[in-house]
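Student: Okay, these came from Swiss-Prot:
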type	residues	note
DISULFID	Cys50-Cys93	disulfide bond
DISULFID	Cys184-Cys193	disulfide bond
SIGNAL	1-20	signal peptide
Amino acid sequence: MLSRTILFSTSFLWVRVANAAFGITTSDDSYVIDAGSANSLKFTVSRSSCDITSINYYGSELQYSGTGSHIGSGLGSADVSAVEDGDYIKVTCDTDTLTQYFVVHNGDSVIHMATYTTEEPSVGELRFIARLNSELLPNEEPFGDVSTTSGGEAIEGSDVFLVDGETRSKFYSSQRFIDDQRHCVAGDAHRVCMILNQYETSSGGPFFRDINSNNGGSYNSLYWYMNSGHVQTEDRRQGLHGPYSMYFSRSGTPSTDIDTSFFANLDIKGYVAADGRGTVSGTASGADSSFKWVVHWYNADAQYWTYTSSDGSFTSPAMKPGDYTMVYYQGEYKVAETSVSVTAGSSTSKDISGFVETGDTIFKIGDWDGTPTGFRNAENQLRMHPSDSRMSSWGPLTYTVGSSELTDFPMAAFKGVNDPVTIKFTATSAQTGAATLRIGTTLSFAGGRPQATINDYEGSAPSAPTNLNSRGVTRGAYRGLGEVYDVNIPSGTIVEGENTITISVISGSSGDEFLAPNFIFDCVELFQ
């Protein structure tokens, strides 16, 4: 003790260390968990509701005082227990259909969490929300104030705002699951990050994105959305979601490489340890090498993904045993699909090959990559509303093959706003035979789909796409089910010389301006 007193010569610093006593303090109303960390972390969990009602880190209260941090919108009531087991503390909150876990390791300023479900919450989404002190933690990372809505005026629903002349929304904080291992809120002296190691029981696949943070003024919200109805493309999965970790630091940004294998020893429902898993290894080939390649595995119970190496080789994350659909993407565009079985304790070898197949191209606008990248306003659409003054004019636009820039073609077509989209091109005599106009889309809203007219020939009206029942382009989303439409053009329709194609939005629904039926372009190609 003498040496510690000499080392920490000021009473202030000595008190910080002396108070770092790992353990649980129990009262009638709550459990206070002390992480025993050098930069002291103590948090309080309600014994009746499972809400986190206090987070004290390095002497500062980071929890918003008005409402707790919790799973969903709060459990309301739960059976809450806490146990200390060696260097670990586990808080368990049980309801009939959900179990929430908070886990602390002695000496670490980290709250590890996991959520076990047997059915989807009645609200149709599953998330953890930390409501944090916006005075001490005003900033959002990595995308900045695009999702800071404090002081704004609502311009669409209750989730898109105008702030100092800029459109903002909590949805603009999103990042693709495959790229989102960490997102944070921060201030001058504190940073809190959500570290995401496991998406296996989430829904939507590698390119799904959802709300990550939102400074709404009273508090700064730090989220992990496990699933939601926000442009959701598949059924929700049940089981163990996580582990996921809330990491507290004074200034530095934490690594995303966090070992949570100790969950195997903590009696966590649904946790599958490494020795109960298998992997898939192989080589992907055939797609355009100018794009990143992704391999994706999924079934009703789990999902996994990985980028391939530059030579196409890949090894999956450790997967639960089972039969999986295996998909190969060029960017976000599916080029191949197969199936594979995974066995615990072994690695399965499985190659996959595929490419984009069309024909002899007359023209192509954009790329078959499953995204609107390069088109007008695509660069801004993730982080602002289509009405934002920083957006370029939506048109209607005319794109002339051979002379226009890609930004002369809109990323989205809105019924009655910027449709029809016009394409002008010059054909040779050899190109006047039968042809196919292929219109790739990434997302539809309100039944919007393309109908094309080639010179005097009107293509057939396609049937309505699957309704995802969610706003998309106005909330920073571009990925849905990726419908592709082919227009079969009879011989003689295309003439030697100048030709005109118009693409209109058709739908039996209606809406105002950017909530009118619409769709987002992936690529438009004319080929024979």
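Heads up, the Cβ atoms here are built off N, Cα and C, so glycines get one too.
For each listed feature, how buried is it and what is near it?
Tutor: A 10 Å cutoff on Cβ-Cβ distances gives Cys93 (disulfide bond) a total of 25 other Cβ atoms nearby, all chains included. DSSP assigns Cys93 (disulfide bond) to a strand segment in the three-state reduction.
For Cys193 (disulfide bond), the count of additional Cβ atoms within 10 Å of its Cβ stands at 24 [all protein chains shown].
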Student: How many neighbouring Cβ atoms, not counting its own, are there within 10 Å of the Cβ of Cys50 (disulfide bond)?
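Tutor: I count 26 other Cβ atoms within 10 Å of it.
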Student: Looking only at Cβ atoms, how many others are within 10 Å of the one on Cys184 (disulfide bond)?
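Tutor: So the number of other Cβ atoms within 10 Å of Cys184 (disulfide bond) is 21.
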Student: C-alpha of Cys50 (disulfide bond) to C-alpha of Cys193 (disulfide bond): distance in Å?
Tutor: 21
